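Inspection log for the structure reproduced underneath, given as structure tokens.
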Amino acid sequence: MSSRLGAVTATPGPTSLKQQRSTRIVGAKNNRAQCSIKDNSFQYTIPHEDSLSGSSSASSCEPVSDFTATLRKSTYWMKMRRIKPAATSQVEGAGEKEKERAKGKRNVKQEEDEDYRELPQKKHKLYGRKQRPKAQPHPKPQARRVRKEPPVYAAGSMEEKWYLEIMDKGSVSCPTCQAVGRKTIEGLKKHMENCKQEMFTCHHCGKQLHSLAGMKYHVMANHNSLPILKAGDEVDEPSERERLRTVLKRMGKLRCMRESCSSTFTSIMGYLYHVRKCGKEASELEKLALKCHHCGKPYRSKAGLAYHMRSEHGPVFFPESEQPDCLKEMSLEAKGGGRVQRRSAKIAVYHLQELASAELTKEWPKRKVLQDLVPDDRKLKYTRPGLPTFSQEVLHKWKTDIKKYHRIQCPNQGCEAVYSSVSGLKAHLGSCTLGTFVAGKYKCLLCEKEFVSESGVKYHINSVHAEDWFVVNPTTTKSFEKLMKIKQRQQEEEKQRQQHGRRRSLRRQQQPCMEPPESQLEPKAGKEQGGNEELVGPDPEPVPAQPQKAEPAKTTHKRGRK
């Protein structure tokens, strides 16, 4: 310590502080350089930024025993500056110790990994993670599985036969009903206890079924093509269609019952159309074809024939023999005079009807055209039921409700039907079951089928019977006759105007075409006259030939302008 204190210049003297500081820095640098030369094992020089005094640096170079302190200082500074020292004996020893520590850490980690494989909870505990202790399930006592021995039945008994059938096929059917199958003999015996009732036998195929519901389903699914017959072996079409409708509702489709045909249908009309022609030869199909009695063209359906009749031969009219009794009174043929109406007259009536509908829509736009053409029920092909009558006050109230709330509710108690128009509410009240009014149904006069709505019966007559739902009335009213006379006058005037315009256009086209032949004929006539004059006698007067030469120039001038 004395040597260190003696080396330090304690007395400042007259020199300034800057000079003292510079001398200290220079002395420290020299001492560090000497230390690095003396000890080759330590080659690191402390940078000049450190705040060591000159005395400490000078004393570090005197003995070797004091060098350990400087070495410790240098390693400390090296660690602070993150600089790796050179390889020395001491450093090598420290490196070996560190390697041993790393190996120990690796061994510990391996042991932890092995423990984690066996018990994964251990690793979480080592790393300080909290984990709830899981309740270990109680180990179940491992009982020996005893293989059941096959049951033994008496030789030749029914149980033995059933058991052999189960082993062979997987199930055995009930010997009573032959419809139910079981996989065990116990289950079969339990079924046979309840299977002692009388069986339901299908009268179509002879199959026996256990329940009435099963029999109904069997008939509906497999025998839906068999028609329902009346007393005289006639097909009852309304009940037959109703039965097919229920089959279609439950099964979702109608299946053709021919073995060679696998067609299915989702509509009754398509099914009936297919059944009528399925499995029949071409000759039989030709007999079933409907032929037009005007031109003899064959059609497969009534709808196709009706469309052909309307488009090619005017409206559809059936002869007197095929007309039903309920429509004979409304026949279109004249009864009093005994004269049969011709086809051209029928077509004229049809066209008059179209003209009348067009004129009525122009003259009375708010009035229904069909109501004017078919005013009374005697000319309809269906009957209308009685509809309820409403007072003007009720109708006015309903109209105001529609303007305010845009809807009307049915006035009957318990009915929640809502409509957006008065006509819809009227139609609903005619068929509402919660009210006091009991209304009938719309009935088709051609097949006596009933419908709930008028649009339904109209569609039925047009599609099924391929006819109009009303009969055209050949006798017209006075207003209708006036309208037709006015229409005929307008048509005649239009025709006259067209003819007059055509004549004028033809005259205009013929005038420029006729002028050149006249001009060509005149000089020829002059030449002939000149020749004749020469023959007859000398009369040289070429006066008419000169003005004719000027005319072709005019024609050429006109052509140039064109």
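Even glycines carry a Cβ here, placed using N, Cα and C.
Check Swiss-Prot against the ranges 56-79, 200-223, 248-271 and you find zinc finger recorded for 200-223. Which of 290-313, 338-361, 410-433 counts as zinc finger depends on Swiss-Prot, and there it is 290-313. Among residues of the same chain six or more beyond the compositional bias 'Basic residues' (498-507), none has a C-beta under 8 A of the stretch's C-beta atoms.
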